[in-house]
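Feature annotations, reproduced from Swiss-Prot:
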BINDING   264, 275, 438  Mn(2+) 2 binding site
BINDING   275, 398, 438  Mn(2+) 1 binding site
């Protein structure tokens, strides 16, 4: 099951390329072509009322310009001199007793794509030296991410406005190294999804399948998950971000095994995320109603993928997915009226309440999406990506159809909207819970490159679920 962890991109993480990209974006935004970029890594934090450390997660913007995963680190980038420096913690003899020797300055210089490595004790002196040599010009930093002991007093100008935006906009377009990391995260995660398929018919509880997924990822080199995995059986799949993952797969009241398991899970590989969703029948074969909904969602995704290329408006792709959902639900008799009227009335939102997808990278919901959560149109309110797709951007494509009583009941009871839903036909589909299919794709000038290899054809999923 394990995948060789040696299949990684050659060379160092391209921190210098990223620093230059951010500096160029700062200039494009009208903030000059010189100065110091200053960023701090995440600090070590202790669990409240305890001497134990909290789980560590490096600040993504810091990692983007350094490739350094070490806590309590700093960086500077001299834009004019094109000099990238990281500052790492020095040896603390008391810590060595418990944790061993930390990375040395010499080792760090070999590992990271930087020009210099210094001790964190030298940050202020280094900033002062820059000001003395360059006449005390500008420093770019992120507000509320500067430690109290750091001083910018020697600088003539402190810019807290542009750096965060410049880094986050630069992160949208991935270079080949980043895409290789994302592809690796997808390969490992896809294998883990297959392991879950094969265990689906024998598992007794949601947590068993989560354990199989996480274990498969860890054995292949991914110690962290991109987000809390979602293992939602039966009607739990109607909750978009179900978190419990701890219910039995046989209903305690009816004694019946639940129909399906929705698995939304992805591993994090060297700080880059996979975000994949699949649905597997817990009996080994989709029920007729489950298969009908699955086929609609698969068509929603295929229609969306066919539209993807650089420059396409994501809102248009999202709208197409809604129309495919409407046509499918009309065919089943769940909806009634015309496609256009149902689309204009927003009836499909009752069954497809979230956005079609989002940018993906070091964060699951990655930067640069420009969502508008104040949008009054419910079809677009939760769309985390707006505007034209960028070539080199990585997006998730994750349509779904859900049968959530909390969401659908207000439509059914509405004098204006209830007439569009056939409650008698709908009754047959509540037990399906929800179906979502999610892939991660790189946007290209002419189309897309799908990074996700987990099977999604229903026949193949059924075969794997019943394979001995």
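Placement of Cβ uses the backbone N, Cα and C atoms for every residue, glycine included.
Since the structure is predicted, the reported quantities are computational estimates derived from the model, not experimental observations.
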Closest of 264, 275, 438 to residue 398 (Mn(2+) 1 binding site), Cα positions, binding-site residues only: 438
Listed in sequence order, residues with CB under 8 A of residue 438 (Mn(2+) 2 binding site) and six or more positions away: 264, 275, 276, 277, 278, 357, 396, 397, 398, 452
Entry from the binding-site residues list 264, 275 having the most other CB atoms no farther than 10 A: 275
Neighbours of 264, 275, 438 excl. site residues, C-beta within 8 Å of centre, Mn(2+) 2: 230, 265, 266, 276, 277, 396, 398, 436
Remaining residues near the recorded Mn(2+) 1 site, that is with C-beta within 8 Å of the centroid of the site residues 275, 398, 438: 264, 266, 276, 277, 357, 396, 397, 436, 439, 440
Reduced DSSP assignment, residue 438 (Mn(2+) 2 binding site): strand
Neighbouring C-beta atoms (10 Å sphere around the C-beta of residue 398 (Mn(2+) 1 binding site)): 24
